[in-house]
Structure formats: C-alpha cells, structure tokens
Amino acid sequence: MQEIMKWNGWGYSDSRFFFNKKGQAEFTGKRYKLSGLIIPALKDWFESTFGASLQHKTPPILNSSAVHPPTLNETFVEELKSTGIPFSHDAEDRVFRAHGHCLHEIFALREGKFGRVPDMVIWPNCHNDVVKVVELASKHNVCLIPYGGGTSVSSALECPPEETRSIVSLDTSQMNHILWIDEKNLTAHVEAGIVGQDLERLLNESGYCTGHEPDSMEFSSLGGWVATRASGMKKNIYGNIEDLVVHIKMVTPRGVIEKSCQGPRMSTGPDIHHFIMGSEGTLGVVTEVTMKIRPMPEYQKYGSVVFPNFEQGVACLREVARQRCAPASIRLMDNEQFKFGHALKPQVSSIFTSFLDGLKKFYITKFKGFDPNRLCVATLLFEGDRERVLQHEKQVYDIAAKFGGLAAGEDNGQRGYMLTFVIAYLRDLGMDYYVIGESFETSVPWDRVLDICQNVKERIVRECKDKGVQFPPLSTCRVTQTYDAGACVYFYFAFNYRGLSDPVHVYEQVEHAAREEILANGGSLSHHHGVGKLRKEWMRETVSSVGLGMLKSVKDFVDPNNIFGNRNLL
C-alpha cells in the first residue's frame, strides 16, 4: 500500500482535490465516482465559508528536517535476521508508520517536521512470525507498536517521545488472508492484517459479506477494528465489531490468549474478548479473528428525506429507533452539512439534471415553506430481499412524514454515502489555503442529542473567537448511528488560520474545549475512534478510578515490562 498512498495526507496519491486555472475544483484519479469531475460550486462555498481566498496559498516548505537515524538494539536485530522475517530501517518506511491522521500529525508532516519515529519496521507473515517477534522483543526489551492501516485519529501511533528503547513498528499488512470460510456456521477465520475493502471483496467472491463498513474501510484493518472497538455504517443490520467477533487470537508478552472453543456466547466469567477489544495495542497483537459473515444482500436501495429543521429530523430518528425499524444506515446532517453536500455536486453534462435539481430545491424551499437556512437531510440505506426492503422503506418514510419529512430521492442518498469516502481528502485541500479542520465523535442518550449538538457547535464558535481566529469557523454535526438508548453524533469543525502564529496549538485548545463540552453534556469520551493518547487524560473520569485500576492490573499482568509501549489509554 505504501507505494500508492500519500505519506503526508489522506488516501491514495493519485486522488486529491485541487483548484484548476479557472478556479474550479477538480478531483483527480479514477478510483471514485467523483474522480475526474469538476465541482463548480466548491470554490464559492470554500471562500465564503472560511473567508479564504485562492490567492492565499500556503507556502511550500523548503527545508524539512532530517529523520533521526534509528536507535537499533543490535542483539535483537541479529536474532531477528535468523528468523527470516522481513524488516527495514529505511527512513521512508519508518516515517510512513510513525503517525495516524490527527490534524497535528499531518500538519507536522506537511511542514517536514519529524518527531520520534519507529527505529525499524517488521513485516510478520503469519501468527507464528508474530509469536517469534514478541518473544524476541521481550527478551531484548524492545518496544513494539502494532500497525494496521494507519488510519488512527487518536494519536495512537505516535511514538512516545520519552521512550529510550528501540521502537519497532510491527506492520501486520502481510497477514491478509482469509484462512477459512465455514458455510454451515456462517463464520470466517481471517488474519488480522487484512484491510476492510479486501476482506469484503474476497468474501463477496464467495457470496458473503461481514457488513462491517467503517468510513475508513478502504485502509483500516481487521486488527485495528478489534483493537479500537470499531463501528461500521451498517451496524443496524450487522452489528458493531463486538457483535461480529466470535473468536480472537492475540499474542502478548505472556503468551497467546484465546478461547478454547468457537461457541456463539459463553458464561465463563467476564468476557476476555472485552479486554482485547479496545486495548489499542497496549497488551499485544491481534493475529487472527473468527467473525460472523452473512450472505450478500440481494437488494440495496438508497434514499433521502428532507426535514424543515434539525429538531424534527432528530425526533424522526428517535421514533425510528424506538420502533426498532432502522434501515442498514440512517444519518442526519445539519443545515451546514446540507449546504456543504450541495457545494460538492459535480458538474453534469446534461443541462436538465441541474435544472431539475434546481426545480426540486425550489419545491422544497418555496412551496413547502422550508427555510433553506434551516432544513436538514437524512440519508438512508436499505438492504435485504427486495420485498422486505420495499416494505421497510414505506415504514420509514411514513414515520418521516409525521415529522414533516419529505422524500428527496435516491440520488441524494447515494451521493451522501459516496461523499463519505472523499470527504477525508478535503482536509488536504483546505491545508493548501490556510484552512485546518478535524472531525470527532461521541455517543449520547436520546434526551441529550439536541443539547449536545447545539452546545458543542456554539462552544467551538466561541472558543475560536476567544483564541483570535479572525473568521467564524465552520462548526457542524450529524447524527450517524442510532441505538435503543441513544445515538452517535459526529462534529466537524474547520477554520481559516491566517494571522495565527501557532494554528495547531489554537486548534488543539478548541478541540480540547469541545471535548470538555461533550462530557459536560452527558456525551461519551468516544463512540468508536478510541482513546489513544489524545483523550487519555479523561479516562479516569470516564471509567472511574477503580475501573482504571482494573485495566492497569490487566496491563501489569500481561505486559509487565511494557513491551507494547505506545502508552495509549492508560
């Protein structure tokens, strides 16, 4: 993957947004539906939202600091050679695995600033290779940091600057095979280094899927999902990672941990899988996972609903959850995101589509008395057999109508989900023009959803103003998952940093304040991104002192010498 991925930005090297000579935005490459298309409205939206200008391009960095030479543990390296497991201490390989995708990490890379990076990279090929590596690391007191797809947004992959031992990035990417598929029990036994899109593609060839589709699924790995307690877009049908996993094998400094059977549920004390899931690389390396699979759905249908305002939209999602009739995915965007989605519409060759789109917009904003500055949109995805999907669709649209929701077509729904995969590329475009931004998430009880959305968005605006940001920030949210007892809410914020001497510091202060606001409003520390090093200051408050002590005692038993020393969580 390293050959075709950016080393200092999101995703594939051949895919990026840029403004052409005419000032029109384009998206390069051939990988996405948006690739090769012109996006006429993006420039206006970008300039008016951020007070940015295409005239003000971020200057390129000329003098990047060199990567520090590796600190190698010679006896470890000698013994490693005899195993035949591939490794490298090439600077490029090391930098590539030294970071995730937090704003401060990417900003530093773009400026050519490298902090502590791994001293070497090892590519085990199978479970037994990992056993050998972990045994050698324990013997020679080398620090191991597991690396999956590198999509972390919690500083989980950052090397602790105070670490004096040799740091080794254990890259699982070569462990990417499906070892077996059991059609009787509908399970698959898979190596943990496989990335989401490959797992689904290989299963699809046999007529199956896991249905686990996080927004990062192009690049994130199965082991990473287990280690962070990941959630996928279609969890309403398939479940989150903790619902999908049947069996896990993990290599720790104490040895291998796994259950003795593949039973679907057990009452054998606290579930050891729950020590592994969410352990964020602090206890060991997940090497193999048995997970549930399903026959591929015969029918898929997108949809969208426009509501007069966000309150009505949330009320509708609440009712859908209460009746337990949520489609595979239902997401509600606020007004700012609706406008943003509109700005990302590609230019279409036929004059009619845009004209009809205009008519549709006219219908919603004029005839129905919807205020274009208040309306919001829910995108829907239904899956299953055709008959059931059509019944299900009617049920959901009937509920929506009770809250003033109007069906707004399949195209808007499909575009909403397609944008999920290209939206991450937009941050790199912003950074070319003095605009920085980030997304973060939480989960919250239903009765707090509206308050948390309003309060966090207002807090972001207020903090930016107090910190000297000269133009009001983009501060927006969407509800991305529904549960019986609450929902997952995603916030996006971005601002123009011209005139700020230390934009990343300002950004971090604002993000910190936003997280405090989330916690004060009854939200969780994280719904699915995990804690890493970014949010660990709030762990005690989140799980209580006793709870934190329990987690620490597990760490002390499993890894007394802190071989897995990324210092996440605890």
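The chain as shown is numbered from 1 upward.
Using the three backbone atoms N, Cα and C, a Cβ is placed for every residue, glycine included.
Note: TrEMBL annotation is automatic and uncurated.
According to TrEMBL, the features are:
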type     : residues                  : note
ACT_SITE : Tyr490                    : active site, proton donor/acceptor
BINDING  : 146-152, 228-231, 280-286 : FAD binding site
BINDING  : Arg427                    : substrate binding site
DOMAIN   : 114-296                   : domain 'FAD-binding PCMH-type'
SITE     : Arg331                    : site 'Important for enzyme activity'
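The Cα atom of Gly149 (FAD binding site) lies nearest to that of Arg427, taking the recorded positions Arg331, Arg427, Tyr490 as the candidates. If you measure from the Cα atom of Arg427 (substrate binding site) to that of Gly281 (FAD binding site), you get 27 Å. With every protein chain in view, the residue among the recorded positions Arg331, Arg427 whose Cβ has the most Cβ partners within 10 Å turns out to be Arg331. In the predicted model, the domain 'FAD-binding PCMH-type' (114-296) has a mean pLDDT of 98. With respect to their backbone Cα atoms, Ala230 (FAD binding site) and the residue listed as 'active site, proton donor/acceptor' stand 15 Å from each other.
It is 16 Å from the Cα atom of Ser152 (FAD binding site) to that of Tyr490 (active site, proton donor/acceptor).
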